[in-house]
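The domain 'BTB' feature in Swiss-Prot is assigned to 44-111; the stated evidence is sequence analysis. For 146-248, the entry in Swiss-Prot reads domain 'BACK'. The repeat 'Kelch 1' feature in Swiss-Prot is assigned to 294-336. As annotated by Swiss-Prot, repeat 'Kelch 2' applies to 337-382. Per Swiss-Prot, repeat 'Kelch 3' is recorded for 383-430. What Swiss-Prot records for 431-481 is repeat 'Kelch 4'. Annotated repeat 'Kelch 5' per Swiss-Prot: 483-528, in sequence order. Sequence annotations record features per position, and here Swiss-Prot assigns repeat 'Kelch 6' to 530-575.
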């Protein structure tokens, strides 16, 4: 039962709302009468002359709606005493709409009139209409018009609209530079745009392509600007292959000594050692990286079953997979390449299979020095780390190894504090976190809840707060300073519970459980969402995908999207930006 005081408060609020509505209704009625009088030219004290049209109005109404008219009618300007006021360079229909707005507070903004309305609202200082136009244009921004909207916003002093348009231009630059609007830009705007660090591109060669495209559109007249334009391209960031085969062969470059020097400087950069490269600043600042994240699943025990999952549209796409069948392996993604390592068939597999997602090509490298299965792996700063695992039929290992992708060499690092296999491992903020697992593949082996972290800078391990639940074969993902352990199994069977490790607080907390118990869970995170895409329950596999929103702590069982059919699969998030579109066809 509600308290008497709360009932009175609620009643007062209701009464205030009703009173406000009544006041608004009365005001609208008064203004409606005044608008009718205006149309009948009753008591009008000013006529706006717009080209051939005469628009009657009341000074007090115009002055209350427009700061422009307020100054005009309340100062010693000539128009303050004139019955007829001429508005030069104005459109009659637009002024008619603005006058109507002054009386009714209503106006229709659409794609046909928004630019004219915004221009007039800005000139006559009618802020509500200006805001409506800005809000409308912000919703309409796309690749075909964003450059024009940015120019318009700058001319009309609309910083909020300009920021929206510019942000779109930078985020979608690879689409924008292929439009006609880009080709029509003046040299000042092009040089400013190409100089932005926030251009979102797959690689710097796209900025080069934009520059050359603009220059060639009107080559005779734009020839004098060639050096200024190409100076904004960061040639050291372009691949050596593209520089030598495409850029150096471009006639525009060959015919200009200054531009040729830029290209040669870019090629020299690739001959420098990593240490010497770090000393260079000019022309080497990276742009904002364009991403197209998908989740790759590889069949493992069924190698021909490999697919991408696209979290944007929930589609599955086949991946060509010729690699060897292997059980209990691991996979990681780094710099366009998926590395599949470890695992066994009859014996541990020594080879590491590599898949370049951009080139859609497979090749092999030497695998971990100690071949084993049930290991875990993750990547950080150009290095692939592998931990634990089990040599066939044996106990879990303390082993910790590192593969340097730059030198293509393996190195043994300090061992973990605890031996473990069938565990989880993730990179977070430059550190390597290892959680759970078991002391061996035998069913009787103890399942672990212990956790530890490795610092590559000091090459040391530190024990962390243990998980609330001991688990193995679980999913382990990093999302915004939290590490989530999802499902898996303890000594008694499958788990539906989920917990996260708060990195800052060094503590684990339980969250909402999965709507499914998984002995084996295959999951990955994109953004704030954790996707469970495959798994085994003990008597059957996961039928449909599950989604967990880490921000709302809510699970969704998506009955429209089937799960990946292979429960022993390998899973990792990949960036397919720049991949051949044929590779990604469904």
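Heads up, the Cβ atoms here are built off N, Cα and C, so glycines get one too.
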Q. So how many of the residues in the repeat 'Kelch 4' (431-481) end up helix, strand or coil by DSSP?
A. 0 helix, 24 strand, 27 coil
Q. Residues of the same chain, at least six outside the repeat 'Kelch 1' (294-336), with any C-beta under 8 angstroms of its C-beta?
A. 342-345, 349, 351, 353, 355-360, 362, 373-379, 382, 384, 386, 405, 422, 522, 524, 526-527, 529, 531, 533-534, 545, 558, 560-562, 564-566, 568-576, 578, 583-586
**Q.** Three-state composition of the repeat 'Kelch 2' (337-382), taking helix and strand from DSSP
**A.** 0 helix, 27 strand, 19 coil
Q | the domain 'BACK' (146-248): DSSP-derived helix, strand, coil residue counts | A | 75 helix, 2 strand, 26 coil
Q) Looking only at the domain 'BTB' (44-111), what are its DSSP counts of helix, strand and coil residues? A) 31 helix, 13 strand, 24 coil
